[in-house]
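To start, the structure itself, in structure tokens.
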Amino acid sequence: MAASGKPGRQWQEEVAAAAAVVVVVGSCMTDLVSLTSRLPKTGETIHGHKFFIGFGGKGANQCVQAARLGAKTSMVCKVGKDSFGNDYIENLKQNDISTEFTYQTKDAATGTASIIVSNEGQNIIVIVAGANLLLNPEDLREAASAISRAKVMICQLEVTPAASLEALRIAHSSGVKTLFNPAPAIADLDPQFYTLSDVFCCNESEAEILTSLEVSSPSDAGKATLVLMERGCQVVIITLGAEGCVMLSQKEPVPKHIPTENVKAVDTTVYLRPSVFPILYLLKLLEGLPWWRNG
């Protein structure tokens, strides 16, 4: 890791020479998690029964998913030059993720999420984005060599829209497939986010913000996918929690509902399942995983 705030190169020498199959541009959040029997009321202090520090952020979670699915991955992000930032970089390395373009800054603390989770799996979350918001288009242009050699580039909106849009431009101009997750959603999203996204994946609440349509059923989601498709996306996926997801593509222009099995929620704070399907979809399409290539 670099003292000047420039990305470290040492880890890059320790990973395989081939370019990353998946590059994720996005957020890293240190999760400060308290487990309680119930959520506190306004102004109330209650006892919890467990506390732990975890590694979160939509971007980093997606990068770890791709790595654990077997893809060679690289994370483009910015953390603080502090103990949380140092620990986060080490965590990425332990997950076999390249940190060549993981930046550190003295100008803000590593992003944090203070989370309270009840026995029922309900939660209250306060995030402080911190260094995530300092990832800028210049950083992305410096990381262009990694992005342009990837097969898939994934980004979200827990960093600035300008940074995510620059990442999409670089990937698109290089013929790299793009997966964009518009979370947290912005009602007046720049139209380029749609046209530069090969896979546009959001949940029902995000779809409502983006389309101004109510999305409370697979049928509603199908209508929303059509609206988003008209804005220039190649593939639209709207996740529906326990009801699975609805998918639409330019090649298959009829909305398709893909159900899922019901499971008991343990902790709804973890941002994993909604993006597993689109990641699998792209990697399957591009045969980016060893066990798909050899199967």
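Just so it is clear, glycine is given a Cβ too, placed from its N, Cα and C backbone atoms.
Heads up, TrEMBL stuff is auto-annotated, nobody curated it.
What TrEMBL records for 22-269 is domain 'Carbohydrate kinase PfkB'. Taken from TrEMBL, the feature substrate binding site applies to Met29, Thr30, Asp31, Gly57, Lys58, Gly59, Ala60, Asn61, Glu158. According to TrEMBL, the ATP binding site annotation covers Asn203, Thr239, Leu240, Gly241, Ala242, Glu243, Gly244, Thr260. The K(+) binding site feature in TrEMBL is assigned to Asp267, Thr269, Leu285.
Annotated features taken from TrEMBL, shown on the structure.
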residue : record                 : Cβ contacts under 8 Å, 6 or more apart
Met29   : substrate binding site : Phe55, Gly56, Gly57, Ala60, Thr110, Gly111, Thr112, Ala113, Ile127, Asn132, Glu158
Leu240  : ATP binding site       : Asn203, Glu204, Val215, Pro218, Ala221, Val246
Ala242  : ATP binding site       : Thr260, Asn262, Val263
Glu243  : ATP binding site       : Ser217, Pro218, His257, Pro259, Thr260
Gly244  : ATP binding site       : Pro218, His257, Ile258, Pro259, Thr260
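Across the structure, Lys58 (substrate binding site) and Thr239 (ATP binding site) are spaced 15 Å apart at their Cα atoms. Taking every protein chain shown into account, Asn203, Thr260 are the binding-site residues, and of these the Cβ with the most other Cβ atoms within 10 Å belongs to Asn203.
On a Cα basis, Gly241 (ATP binding site) lies 22 Å away from Asp31 (substrate binding site). Between the two most distant C-alpha atoms of the annotated ATP binders (Asn203, Thr239, Leu240, Gly241, Ala242, Glu243, Gly244, Thr260) there are 15 Å. Pairwise Cα distances among Met29, Thr30, Asp31, Gly57, Lys58, Gly59, Ala60, Asn61, Glu158, which the record gives as the binders of substrate, peak at 15 Å.
Each of the binding-site residues Lys58, Ala60, Glu158, Thr239, Gly241 was scored by how many other Cβ atoms lie within 10 Å of its Cβ, and the smallest score goes to Gly241. Counted within 10 Å of its Cβ, the other Cβ atoms near Asp31 (substrate binding site) come to 19, all protein chains included.
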